[in-house]
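Student: First the structure, which I've put down as structure tokens, then a few questions once you've had a look.
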């Protein structure tokens, strides 16, 4: 019974942070009108969110020191404050700062819940625990676009964010009832030290994994960053219709994760990642040439099957490459995501004004091709081949 409650609370937290982060892009046209700013500039509202992501490793280190339950509590408080401020924001600058506060909570929660669960769940059940959290994420990805679009169109932004904030307050009360984890004063070498970091960055295998992670992140950013604007400008859709398109397309995430879970052990993590990223690349290039909504939904569906399925396999493989430095290695993978997102927020509006949505799609597709080519170069890496065999057995 205790395990069920832990699963429930952690899944609720995972759902909330995923829900908030996945309804921003679909409602960009609404935010543009609401705050009176250019549609191509709305993405700047995410700058603070992604900037905070650069410091996520330090939030994780702090959580290790004060305890995971306490860390989750503090992070949830930040999330509540951030979402509440977002709801009552009357100016886009205040909204941007509010999202930065929300990011502190969201990123810390996302990085902590699986570690917290691992303290109470037997090793042989942790895969199931991770699967439950992925399901919460996938459900949030599916529900966020359509439900958020409906709420802001039927009511307003305040209703949307205050509803999320209220749900987080309930989650916070549940969190108080969770068992307390043991605080380990000695991190066992998990703290990041500069010499170890430099040595790891000089390793060619590490460099290739970071490059792949960076390039793969460019695909969803180039796809969804201005997707709602493109739909609004080219198909004259209302906010609810845009939300439904996001929801239908995002169902590819669940299929991709399920497919990768089923086949990656049989055909190999590396091959699964290659197939996934190839699908991502070949569907990005033609997207902006399409003029039929059903075809657009189908192409993005296939894109997300490849992206999320491929990345799940890639992430599983990456976690085994440096087992003695796993925390630091995976931190670098996460850092590359935040860095890519931050760079995208800065330059994407300029690129969009220069070449439109088509230019962004070509950049995302080219980045995916680079990721695939780098994956092929890893096929000849003895360390990677050895780890592939270990994971398979």
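Glycine is no exception: its Cβ is also placed from the backbone N, Cα and C atoms.
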Student: Out of 6-24, 158-176, let me know the one TrEMBL marks transmembrane segment.
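Tutor: TrEMBL lists transmembrane segment for residues 158-176.
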Student: If I go by TrEMBL, the feature transmembrane segment sits on one of 25-42, 43-60. Which?
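Tutor: Feature transmembrane segment in TrEMBL: residues 43-60.
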Student: Under 8 Å for C-beta pairs, could you tell me which stretch among 72-94, 100-120, 132-152, 209-230, 329-352 has the largest tally with the transmembrane segment (158-176)?
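Tutor: Against the transmembrane segment (158-176), the leading stretch is 72-94.
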